[in-house]
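A short write-up of the structure that comes next.
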């Protein structure tokens with residue numbers, strides 16, 4: 001690439017840097033980008049660059065594949081209902097060990113390797129996420145039945161004071177999705193849903209979902225069917241038609257929840273693409289799917 005082209009790329013980002021200066025972006029970090037070393041580097045560099053150009057990234061991470069591996073090593077079989085992990089006491093201890101004990105620290109170390117200042121938290125830190133036990137329902141034979149997911153929670157409220165202080169002090173917060181209930185008992189939270197609630201509570205400009213797919217497509221096997229921009233009503237029609245199914249539905253519900261709580265836009269990008277977050281934010285066309293309110 002010649003030097004002029006490099007300059008043009010930098011200049012293309014300028015209006016977006018100006019527009020989003022001092023804004024908060026919540027990044028839900030999951031999927032392949034968490035287990036591939038090169039992808040980890042791309043994400044870490046993207047986050048540090050955002051911070052240095054005046055944007056405030058707040059990371060909420062998952063860890064499904066690593067939790068599954070840890071469970072299998074201990075002779076437990078992972079079980080999911082509607083994309084949510086069934087969590088007994090032993091599973092919860094494994095989840096906390098992997099999320100708080102390993103993944104969170106690894107992300108913090110990677111950010112600091114590239115010049116960022118970062119602090120690892122969980123929803124327990126500073127009473128960040130108060131949660132309640134989630135009640136899940138299934139439809140069987142046209143009958144609505146309640147299913148016990150175990151120690152799985154849903155966000156009741158988010159206290160942003162601690163995260164606000166860290167952002168103001170130029171740190172990149174990294175949050176594990178573990179909440180506490182009114183009895184101070186730990187609950188496992190779906191990371192997508194927690195990220196949406198945190199984004200809403202933080203008055204974030206954007207929620208960016210780093211996933212294993214390019215975005216929302218009519219045909220998952222045909223990249224040409226990728227939608228660059230969708231509204232909530234268009235998304236809801238795609239769910240009705242069965243285009244969006246399975247584990248993608250909790251992600252979409254989290255996206256819609258964030259938009260309804262005041263987040264201006266939600267983006268779904270593929271963490272397997274080098275610097276996908278920067279390409280989505282700082283280029284006209286973007287690289288994934290942007291979702292907006294109607």
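Placed from the backbone N, Cα and C atoms, the Cβ positions cover glycine too.
Taking the Cβ of residue 64 (substrate binding site) as centre and 10 Å as the limit, one finds 19 other Cβ atoms among all the protein chains shown. As annotated by Swiss-Prot, substrate binding site applies to 63, 64, 85, 188, with the evidence given as sequence analysis.
Cβ neighbours within 10 Å of residue 28 (site 'Transition state stabilizer'), excluding its own Cβ and spanning all shown chains: 29. Marked as site 'Transition state stabilizer' by Swiss-Prot: 28 (among others).
The Cβ of residue 251 (site 'Transition state stabilizer') lies under 8 Å from the Cβ of 192, 209, 211, 268, each of these being in the same chain and 6 or more residues away along the sequence. The site 'Transition state stabilizer' feature in Swiss-Prot is assigned to 251 (among others); the stated evidence is sequence analysis.
Here substrate is bound by 63, 64, 85, 188 per the record. The longest Cα to Cα distance in that group is 12 Å. A straight line from the CA of residue 188 (substrate binding site) to the CA of residue 28 (site 'Transition state stabilizer') spans 16 Å. If you take the C-beta of residue 63 (substrate binding site) and look for same-chain residues 6 or more apart in sequence within under 8 angstroms, you find 30, 34, 95, 98, 99, 103, 191. The two recorded residues residue 64 (substrate binding site) and residue 28 (site 'Transition state stabilizer') have their Cα atoms spaced 13 Å from each other.
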